[in-house]
Amino acid sequence: MSKGPAVGIDLGTTYSCVGVFQHGKVEIIANDQGNRTTPSYVAFTDTERLIGDAAKNQVAMNPTNTVFDAKRLIGRRFDDAVVQSDMKHWPFMVVNDAGRPKVQVEYKGEAKSFYPEEVSSMVLTKMKEIAEAYLGKTVTNAVVTVPAYFNDSQRQATKDAGTIAGLNVLRIINEPTAAAIAYGLDKKVGAERNVLIFDLGGGTFDVSILTIEDGIFEVKSTAGDTHLGGEDFDNRMVNHFIAEFKRNDKKDISENKRAVRRLRTACERAKRTLSSSTQASIEIDSLYEGIDFYTSITRARFEELNADLFRGTLDPVEKALRDAKLDKSQIHDIVLVGGSTRIPKIQKLLQDFFNGKELNKSINPDEAVAYGAAVQAAILSGDKSENVQDLLLLDVTPLSLGIETAGGVMTVLIKRNTTIPTKQTQTFTTYSDNQPGVLIQVYEGERAMTKDNNLLGKFELTGIPPAPRGVPQIEVTFDIDANGILNVSAVDKSTGKENKITITNDKGRLSKEDIERMVQEAEKYKAEDEKQRDKVSSKNSLESYAFNMKATVEDEKLQGKINDEDKQKILDKCNEIISWLDKNQTAEKEEFEHQQKELEKVCNPIITKLYQSAGGMPGGMPGGFPGGGAPPSGGASSGPTIEEVD
């Protein structure tokens, strides 16, 4: 295949989306199910691996081996409080591998464990394939988005996931920044505008304030809640109905995973309905112990169940305004991103907060991020279209970065919301006489003391010549590149001795070897998936050939054209094959093909004889036998082929 353009991928917590900039505009690409967003789900079964819709659709039958929310694990340590609290809610198992979380599943009858990067890489591979199927070209270059909140290690791990998926990640950009680009292209204005981006997705909530002037974006502030989104609203509804079921039927379904999962799917559907209708009905047959569950919910009740969560979305809005040092009257535009911003109550709360100001909903909220990422991908890969030419992107660091100085004080070198790439240098000295070395501990966070902030990594600079305290000069440099990856170095001015760290190590970064290995494994899994597809198609081919052949010889139009002995011979062989198939559903492709050849050996001579004696097609059937497809041509192409539906 020829090389395709660069794409933009919104790798979401619950759903992902891919877009491409071509012919002067962005196209959001639908997957094979016709959906423009794809669930960030990967499932493992006894026979195959499923990604996307196919994985999400079977989650009720296979909850412990269906992995989602990898984005909540990526770039985190196992003992991270977030990981520990999230684990309680996941049906799949998360295990501790040398301090790093891995998800453990059963695949083809064996226990397998995967790093979050590997799971995310599977979703990215799916998005890459969706783009390739649409473009008819191979896709390697991509811009991938992350929440503004992501720290360094989460960004790096996301980039690694891209590498494992066989992508060249041109840049990692913030989701709100991407949405701003999508927006900036649509509305070119001369004067400076302050834009607030309100992004409420399936699992995360981000508020960002940007200024846009003459095609230049600057991010002024970011705030949000990494744990608020559509799923939380679903949960409130689920709990409401569990309680209702308890009241009416005196049964507690909460311990039954499958029942809860079916209820949740129905609730998600009802929630979507409530964005356009004032009430929705829920009908689930035999939800629990044979009891049907038929009920309904009004929009008002849904809003009441989520009242605190909905209202709570305004707190980060206020915080972002404070950080940007802006009053709400100074915001020119409010942009809605994320499917949950379709909820009328949320739109109303936001509109009232901004004193009745109109909200921008012109961009499909599910697609805005991928849209902007696609534009950015075009810019970075040198698209010369005037639509993207004069767009420049300035991203920021989400948290302040600094080092610990005497007494556990956080000394900030790079303030939060500093535009990146950036480089800051500051000179430090020793704290005691003849001190031989210094420990440089790098932290991120806004608190005055390092113990309240997050340790990113540390290293020692040793070999400082003996000197009284305060004499040695140690120059510390913080350097953040365009992807938000941080390098910290320290140099002793007297000796020129240097040591440095790329902040990633202590967060459980994957090593080069790990990534190489995972790339190979990803290839292997992909090959296995292909093999599985081939196997299924040769099985289907054999099955349809046997059934069609049976139907053909039993057709009354052939009565008298075929002698009973031949007919019986074919029927016996077909029945033998059909019963073999029932017992050998999981046989290898070669076995299915062998069985088909055996069957053809019996059938072909008889069918050929039939033609010759009939002098052409029997019963005026120029197109072949009824139900028999075209005359068998041997191999996997015999019998009508049915397109697989994943």
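Glycine residues also receive a Cβ, built from the backbone N, Cα and C atoms like all the rest.
Among the candidates Gly75, Gly136, Gly162, Gly339, the residue that Swiss-Prot annotates alongside Thr14, Tyr15, Gly202, Glu268, Lys271, Ser275 as binding ADP is Gly339.
The modified residues considered are Ser153, Ser362; of these, Ser362 has the fewest other C-beta atoms within 10 angstroms of its C-beta.
Counting in whole angstrom, Lys271 (ADP binding site) lies 22 from Lys246 (N6-acetyllysine) by their C-alpha atoms. Of all the recorded positions given, namely Lys246, Lys319, Lys512, Lys589, the one with the smallest number of surrounding CB atoms inside 10 A is Lys512. Cα distances from Lys319 (N6-acetyllysine) to the recorded positions Ser2, Lys108, Arg469, Lys512, Ser541 are smallest for Lys512. Looking at Arg469 (omega-N-methylarginine) and Ser153 (phosphoserine), their Cα atoms lie 35 Å from each other. The sparsest Cβ neighbourhood within 10 Å, among the listed recorded positions (Lys271, Lys328, Lys601), is found at Lys601.
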